[in-house]
Amino acid sequence: MWKTGKSFQVMLVERMPRVCKLSRQTVATLKNLKYKIFCLTLSWLLHVVTYAPFTLFPSPVPKDTFHQALAVQTHYNRLVDKISQDSSFLEEALATTIKVDDFTGRLFNIYRHVLQEGKIQSIVLGLNRSDYMLDQNGDGSASLKQIEINTIAASFGGLASHTPNVHRHILKVAGRLEDSKRILDNNPSAGLAKGLAKAWELYGSERAVVLYLVEELQRNIFDHRYVENELWKRNIPVIRRQFEDVAKTGFLDQDKRLFVDGREVAIVYFRNGYMPQNYTEQNWEARLMMERSMAVKCPDISTHLAGTKKVQQELARPGVLERFFPGEPDVVDQIRATFAGLYTLDMGPEGDKTVAMALAKPDQFVLKPQREGGGNNLYGAEICQVLEGVKQSTERMAYILMDKVQPRPVHNYLLRLGTPLKLSTCLSELGVFGAYVRHGQDMVLNECAGHLLRTKSDEHSDGGVAAGVAVLDNPLLV
């Protein structure tokens, strides 16, 4: 823009008749063309960049259950870390799953390779998110029930750091000043970056970079950037690369330090690699190279496996939590209180009972495959359709069954580009972020890093924000 406030394009069009001796008709045509180009550019930008979907108002969440979720997070951090160190438990828990689920089997093959070769990096970094819904009890009260724990690419820590100000402003405009003061401060960006920064510091090389492993087309890039910017504030260099870049330019030196594009990598932060479609054979080789390296992996392969649905189901068995927390009954009770009913589909009498139970009352359960990313779970008639086809086959062992949580609906407006604004009956899911760093046997950082509330219309059974179903929200404690 010039000092006059006019754009270069406008001034050019205005001066063209004098400079180029153009006719008025030609000038009018150029102005019309400029307008069309502007409209086309704007349309393109709206398809490339848009706002993250969100609720018009914050949704009510009971204060006691909210604080319960925050308080148990450091115990979940410890649990995930303990599972990742227990090779015999992972072998036992995933023995049947890896026989029938190729993706989990490929991950487990990398895990075995690393174990046989010997882990060379003693720094472990975990950035996870435990997701919950509130189950309605018969007496009208609500209890916190864990849906899953995400140990790889746990998202929306960046965007969740900025949604509180959105709802504070909306409530002020709506004349609800006192409610606006009840919106909680929340900064998962800083909490997650704190874990990354601590691991980078322990790695011990100021020139080494944090490598964000990303997809070619990244719809959720702004969420990444908020955490990335927190690292740049700490003078920690960050690069963004894809699996293909690692495969082409990555190598290990004689000390197994990882280099990509000539840069030493201190941390590989996986924001990709949790779905089968993320991998080609070349990408599997790149994943193995990274796992064998001196770089800190977030998560490393054992922590990735600790977040599988089958491990979640095995943890609900009697006595399993006590294996990881001997002499800590209070911790066991706090974690177990968040478990929903979880059931095996392994071959044998126990699995047969689960199949019969699910087919008899499918609306009371959720059928879960070993997949992340949202939109993978099965409900109602879909459960019957799948189980009828695999009930006599080992293919059923690729799934687990979970009680369907029955939350109390709320009403809200969901703001999403291209969707008509209407009052919807909604269900919410509370996520709690955790960050931990272990160095050898010492847990040097273990924190709850913030929270996330996502809300969707009750007409959708499954799917998160990235899947185009849920929207970002904030808890209004009641």
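Glycine residues also receive a Cβ, built from the backbone N, Cα and C atoms like all the rest.
Its Cβ taken as reference, S155 (substrate binding site) is surrounded by 20 other Cβ atoms within 10 Å in the chains shown. Residues or ranges marked as substrate binding site by TrEMBL: R129, 152-155, 218-220, 271-274, R454, 465-466.
Non-local neighbourhood of E372 (Mg(2+) binding site): N150, I152, A153, Y274, M275, G307, each in the same chain, at least six residues away, with C-beta under 8 Å from its C-beta. Taken from TrEMBL, the feature Mg(2+) binding site covers E148, N150, E372.
Residues or ranges marked as ATP binding site by TrEMBL: E148, K309, 368-377, Y379, E429, K456, D462.
Across the range of the domain 'Glutathione synthase substrate-binding' (208-306), the DSSP-based residue counts are 41 helix, 25 strand, 33 coil. Residues or ranges marked as domain 'Glutathione synthase substrate-binding' by TrEMBL: 208-306.
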Report summary line: Students should find that the Cβ of G273 (substrate binding site) has, within 10 Å, a number of other Cβ atoms equal to 23
**Report entry** For A153 (substrate binding site), the number of other Cβ atoms found within 10 Å of its own Cβ
**Finding:** 25
Query raised in the report: Just checking: which of K368, Q370, N376 have a Cα that is within 10 Å of the Cα of R129 (substrate binding site), counting only these binding-site residues?
Result: none
Report summary line: Minimal Cβ count within 10 Å, across the binding-site residues R129, R219, R271, K368, R454, points to R219
Query raised in the report: Counting across all protein chains shown, how many other Cβ atoms sit within 10 Å of the Cβ of G374 (ATP binding site)?
Result: 17
